[in-house]
Amino acid sequence: MSVLPVAAAVALVVFAVRLAREPRRLGNAVWLGVALLLSALWLLRAALHLDWLTPVLPVLLGTAAVLVTLVLPAALLVNGVLMWRREGRSPGNLLSLGLGAALIALEVLFFVPLGRWGSALVAAAAALACCFGFVFLSLLVYSVVYSRIGRRGGFDAIIVLGCGLDGDRVPPLLAARLERAIRLSEREPEPPVLVVSGGRGAGETVSEADAMHAYLRERGIPAHRIRREDRATTTEENLRFSAALLPGDARRVVAVTSNYHVFRAAVECRRLHLPFHATGSPTARYFLPSALLREFAALLLHYRRTTIAAGVLVAGTVLLLTLLS
């Protein structure tokens, strides 16, 4: 009996158990990724024994290789330029541009004679890129899973996480979060409390909480249902400070943010021992690549010890094997 299907089944069972116990765990994404990877390898191995698929398989694998090595870096570069023009030159907005350039540089280095140590370092960098790429894709897939399994209603309170303002005006990204919160509140027979959370950032004339309060009032939400938290500058502070403003009888609470930020917000809720879940609002498609990369970088930074240990292990192993070969 092949080991691959057994290993895939074990990984899937572990994922299912962990998901049932606590869906906000970061490790769930990795277990899902492992289960999907092992399943894909098993299916690929089985496909090699199908005569009708033999002529098609090289074409499929070649297409996948072209997509990863050529189309993906080019798409990241294009998105990076678009973000530069529309959103400005902040480091967060240039992540897709930087990643696209880094991938192209890494691919070029494979064809440059660099000597023994240089080639070993390039191999180690490629291994790191593959590992982090795997984790990123796992998180992306699991984020979709998490957004589909969350509570749909029955909320006592809704927290809206703030983001940057346009002067004193609510920008489209934040408006989408507020509209999502309004739709959720309209489903409830007993209107829930809305907590709008966000301090005053650089270049903003009012706090994000004040701007969101004004937006909700214009949309017809009564003032007594809105509570303002106007000190937070991070996701952690958004959640922690907002929790202190909740009614004492609020047991079912959801945090509303943008779709790309949902899983990190949920992970943060778990870390703070808050029994909240998170839900997301739509985001402009051009904004997603850099936003998702920014969220991924934030998670890696949050788990920096694990990230560094895994990176050193992978890079060191590949470096050693390459030098010894």
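Placement of Cβ uses the backbone N, Cα and C atoms for every residue, glycine included.
If you look up TrEMBL, you'll see 6-21 (among others) marked as transmembrane segment.
If you look up TrEMBL, you'll see 28-48 (among others) marked as transmembrane segment. Within its own chain, the transmembrane segment (28-48) has Cβ neighbours under 8 Å at 2, 4-5, 7-8, 11-12, 14-15, 18-19, 22, 54, 57, 134-135, 137-139, 141-143, 145, 263, counting only residues six or more beyond its boundaries.
If you look up TrEMBL, you'll see 60-82 (among others) marked as transmembrane segment. Residues 94-101, 103-104, 107, 286, 289-290 of the same chain lie 6 or more positions beyond the ends of the transmembrane segment (60-82) yet place their CB under 8 Å from a CB of it.
The feature transmembrane segment is assigned by TrEMBL to 94-114 (among others). Listed as Cβ neighbours of the transmembrane segment (94-114) (distance under 8 Å, sequence separation of 6 or more from its ends, same chain) are residues 69, 72-77, 79-81, 83-84, 121-122, 125-126, 129, 289-290, 293-294, 297.
The annotation transmembrane segment is assigned in TrEMBL to 120-142 (among others).
Sequence annotations record features per position, and here TrEMBL assigns domain 'DUF218' to 156-296.
Residues annotated as transmembrane segment in TrEMBL: 306-324 (among others). Outside the transmembrane segment (306-324), and at least 6 residues removed from its termini, the chain residues within Cβ reach (under 8 Å) are 116-117, 119-121, 123-125, 127-128, 131, 300.
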Number of helical, extended and coil residues in the domain 'DUF218' (156-296), per DSSP: 63 helix, 27 strand, 51 coil
